[in-house]
Amino acid sequence: MAEIQVLSPPLDVDEPRSVAAVPIDSLGGGRLPRWPAVLVAVPAALLTLVMTLLGIGSRAMWNDEYATWYASTLSFGDLGRLLQHVDTVVAPYYLFMHGWIALFGDSELSLRLPSALFMAAAAALVALLGRRMFDTGAGVVAGLLFAGIPSVTRYGQEARPYAFAITFAVLSTLLMLRAVDRPSWLRWIGYGLVLVGAAMVHIVTLTILLAHAVYMWRVLRAKDDFRQLRWIVGVVIGITGGLPLAAKGSQQSGAIAWIRADGSAVANMPDKVFGSWQVASLMAGVAVLAAAFLWKRHRSLVLLLLTWAIAPPVFCYLTFPILHLFLHRYLLFTLPAWALLAGAAGYALVRLTRDGTSIALSLSALTVVAGVFYVGLPALQEARRSPVLGEPDFRGAAAAVLARTHPGDGVVYTGTGRNGRRAFGFEGRDAKLPKDVLVLKTSQQLGGFGAQECTEPVTCVGTTRRLWLVSATEFYMDPMIGLPETTQAFLTSAYTLTEFKNFEHVRVFVLNRKDQL
């Protein structure tokens, strides 16, 4: 029988293997078929797509998603003014969503669908990268593990660029490995262009270059290896493409000054990144064991994955006083590294035993997949919670106001946290909202997300007979907290306040003019 040959994993300096094709038997005993790429990628992609599409339009939007809708529906002139003041680093995402909305509308499903599709693509790429690094079984398991992470479901259902960032991070790593094996200028330029994409969807994604640098240093230590220069060219392309956004974004750091890097933030980072302490603990534990088993024969790959998983959060923490980037959402692109290491646990057993049952052993890590889904079930349910935990239920509040509003009504927004103005703009986009009586300058005029309110409420409110007060406060708080004292005094003296309805973290009140009673 003819010998079956497959492409080996990338050359590791600790291994005597050639990058050329090697017998499959050398990977651990029996013959492990080299499945077509589509068969490796499809299970993870389909599972992720199902997980992200399930209930994708049911969960109420939250603050950041309202920001996406607002920015992406502005005219190009208004968007340009907005980006001069805030969110320059995600400008390409807003431009993409602007075109997407023009084609497919602005429903919750439409706004979130690109993230679901990109997250499914990321899962497919994780599977292909696992196959490229280790073997078919490791790739399949890694892709399924990725699909089971609660944060993958959560942010695959979010109208923000994090799924895009994950996809570009995985794709750049896959292209790097392929370019190392079969170097050409075209491959390295393609790698650089993907890095540009990573920078444009979220600049923090470029910290994956820390992992790429470690790998390149390990496998290309020969001074006369021309691949070093080509890799540097690819990196320069990526960094240069992201520099304009990074430079402008550095001038807007006040928008993220609320981010914290204290002890609590550090301690809770694994839970936040994975979406579950239990899933984080299980996957990290299996990943560490796999890394230990693979260290001797696959040191370069293990270092690549460990650096990918750990270096970005460490970098963001150490640079926090300057950059303020230590936020779990910015670090979601590290999840594939954990999935790849944990997914390689079965492959590690193959290398240890060499007993002719390689395919069964390589797929044995499927038990970890089952464990991840089991311990992560509560978090997966929480990922679809509506509204998002801790966020005001502006959808419910807007529906209540729209059901009872009459021509001539006005609305006032206040609260201790989120302001409902932008949320009501989305929720009432296809209806006629009450007049926003306190607005002096709109957010479009200011080039920001917030409006400027008038300081003379008597003039602004005029003779409006009934006002709706949307107060993002808790039940024990003064509903007018957050309004200027002059506005509070006027509303209290001129109107009678009646509690209308309570929602999660937001209350709606009716204010009737006293002189009409």
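Residue positions begin at 1 at the first shown residue.
Using the three backbone atoms N, Cα and C, a Cβ is placed for every residue, glycine included.
The domain 'Glycosyltransferase RgtA/B/C/D-like' annotation in TrEMBL covers 96-217.
Residues or ranges marked as transmembrane segment by TrEMBL: 37-62 (among others). Taking Cβ pairs closer than 8 Å, the transmembrane segment (37-62) reaches residues 69, 107-109, 111-113, 115-117, 119-128, 131, 136, 139-140, 142-144, 146-148, 152-153, 156-157, 159, 380, 384-388, 391, 393-396, 423, 426 in its own chain, all 6 or more past its ends.
Under the heading transmembrane segment, TrEMBL lists 111-130 (among others).
Taken from TrEMBL, the feature transmembrane segment applies to 136-155 (among others). Beyond the ends of the transmembrane segment (136-155), by six or more residues, the same chain brings 32-35, 40-41, 43-45, 47-48, 51-52, 115, 119, 122-124, 126-130, 162-163, 273-276, 279, 283, 329, 332, 335-336, 339-340, 342-347, 350, 358-359, 361-363, 365-366, 368-369, 372-373, 376, 379-380, 382-384 to within a C-beta distance below 8 angstroms of the stretch.
The annotation transmembrane segment is assigned in TrEMBL to 162-180 (among others). Long-range contacts of the transmembrane segment (162-180) within its own chain (CB-CB distance under 8 A, at least 6 residues past either end) are made by residues 10-11, 93, 114-116, 118-119, 121-122, 125-126, 128-129, 132-133, 155-156, 187-188, 190-191, 194-195, 197-198, 201-202, 204-205, 208, 211-212, 215-216, 219-220, 227, 230-231, 234, 238, 304, 308, 329, 332-333, 335-336.
According to TrEMBL, the feature transmembrane segment maps to 192-217 (among others).
According to TrEMBL, the feature transmembrane segment maps to 229-247 (among others). Through the fold, the transmembrane segment (229-247) approaches residues 88-89, 91-92, 172, 176, 179-180, 183, 185, 188-189, 191-196, 198-200, 203, 206, 209, 212, 216, 220 of its own chain, all at least 6 residues removed from its boundaries and within a Cβ separation under 8 Å.
Marked as transmembrane segment by TrEMBL: 277-295 (among others). Remote same-chain partners of the transmembrane segment (277-295), defined as residues 6 or more beyond its termini with a Cβ less than 8 Å from a stretch Cβ, comprise 145, 148-150, 270-271, 301-302, 305-306, 309, 338-339, 341-342, 344-345, 347-349, 351-352, 365, 368, 371-372, 375-376, 379.
Annotated transmembrane segment per TrEMBL: 302-324 (among others), in sequence order. Packing against the transmembrane segment (302-324) from elsewhere in the chain are residues 169, 173, 204, 207-208, 210-212, 214-215, 218, 250, 253, 256-257, 259, 261, 266, 269, 273, 287, 291, 294-295, 330-331, 333-334, 336-338, 340-341: each is 6 or more residues past its ends and has a CB under 8 Å from a CB in it.
Residues or ranges marked as transmembrane segment in TrEMBL: 330-350 (among others).
According to TrEMBL, the transmembrane segment annotation covers 357-377 (among others).
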Exercise. Which residue counts does DSSP give the domain 'Glycosyltransferase RgtA/B/C/D-like' (96-217) for helix, strand and coil?
Worked result: 106 helix, 0 strand, 16 coil
